[in-house]
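Beneath this line is the structure, given in structure tokens, with notes to follow.
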Amino acid sequence: MKKHLLTPLLVFLLVTVALAAHNTEEWKSRTIYQVITDRFARTDGSTDDSCEDLHHYCGGTFKGIENNLDYIQQMGFDAIWISPIPENYLEDYHGYGALDWYNVNPRFGGADDLKSLINAMHERDMWMMLDVVANHVAYIDMDFEKVTPFDKEEYYHAKCQINNWNDPNEVEYCRLSNLPDLDQDHPFVRKTLIDWVKWVIKEFDIDGLRIDTVPEVKREFWKEYTDAAGCYAVGEIFNSDTHYLASYQGPVPAVLNYHSFFFTRNLFQDAGESMYQVRDIVNTDNEVFPDPTILGTFADNHDNARYLSFHDDLKNYQNVLVFNFFLQGIPMVYYGTEQAFKGGDDPANREPLWGHMDTNSEMYKFVTNMVKARKDFNVWEHPHVERYVNHDIYAFSRGEVLVAVTNTHNPFGVDVAYLPDSYKEGDILCNILNSENDCTTVSNGSVNIHFDDGEAKVYVPQARLIKE
């Protein structure tokens, strides 16, 4: 009798656990690949270059992503961040102009295809990060009746435009680019937004969230919203000021590390800039953020011109990538990085990937090796420890991984004597980004790191390299 009573209960518990969104601590081990759903892959696999106007839909779908999960997983990524899913207005391919919140964008394939994608991901132990918006709706100006379910003027703030980004009241109450600004203090709006995020996580088995336009909404709302979501959520605050960014960590679990993003973009394209500034980045993050270990770290994304569009130096770019990837936090890599895409300002930085999925390209292998080092050595379990710094080099460790970056192409070498305790005399360390030609040996308690031409270094113990 007891056996028959327990069996359904156990099944229920197992299903409940399987469908549970993942918390912040669980997300620390994940490595995220960001896609623009409309630009990654088409359902039919076609690769013709027929998308002449990047302001419009180009044909990417959920099924296109599902059909190319191997391409993503073979790089080692175990999470994917996709575009917002509500049906959007006219040609708003990006997903940030919601028209019908409960209707999954049919241009992406609809609800069934989204569920199919997520099921396929979960079968591979890959997690889904969904981009969500709670600040605004589509470009409908004052035609509120077009929006479901926010179809009345009373659901919105009075029409005004954000002109002064230093005025919090204006940022929270006025429109971003004339997008109708929802009033989260209205009981219906507040309840509906919170009910929606709970619904979408449960309905589609979402694992985590990226939240758009965080400063445009009051902090109190975000605390209630993210508590209701019950999973890791990382918010977008498009600002480099560390104190301003940190003021939102708490209302949301984590934020995108725009401090490091902007700082390193400048630092790694000018050899005249001192690498001592990297120390300042790390120290400031540690002093100001409540928890810098869960920030979203990145070198490119959909809101900024790709690094290679304004500084076409692959070695410098690889250093930017490596530093931000191994910096404390949860790394996010923008699609096309692995093919050295060079798109400029939006929408040029949202170019289609189809026709360019070359798994033998230099950057595809580079990204694969970065991810491999992070996962093989459980980098997230270890603190960031500075090991050496001078004008031309910054070196730090995360456990057994020793990272060294530079912004100069001039050849030089340094002896690093402050090493991780796990390194022993005679140990051979190899740069996983070039392990056949770049190894060094621990001798007299130090290692010599030599740069030939500005290459990034990610050293790991040769004895622990996992052979493919």
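From the backbone N, Cα and C atoms, a Cβ is placed for every residue, glycine too.
Annotations in TrEMBL come from automatic prediction, not curation.
For Cys160, the disulfide partner named by TrEMBL from the candidate list Cys174, Cys231 is Cys174.
Largest Cα to Cα distance within the recorded substrate binders His136, Arg210, Asp303, Arg350: about 22 Å as a whole number. Closest in space to Cys174 (disulfide bond), of the recorded positions given as His136, Asp212, Asp303, Arg350, is His136, taking the CA atom of each residue. Counting other C-beta atoms within 10 Å of each candidate's C-beta, the disulfide-bonded residues Cys51, Cys58, Cys160, Cys174 are led by Cys58. Least packed by the Cβ count within 10 Å, out of the recorded positions Asp212, Glu236, Asp303, is Asp303. Listed in sequence order, the recorded positions near Asp212 (active site, nucleophile) (C-alpha within 10 Å of its C-alpha) are Glu236, out of Cys51, Cys58, Glu236, Asp303, Arg350.
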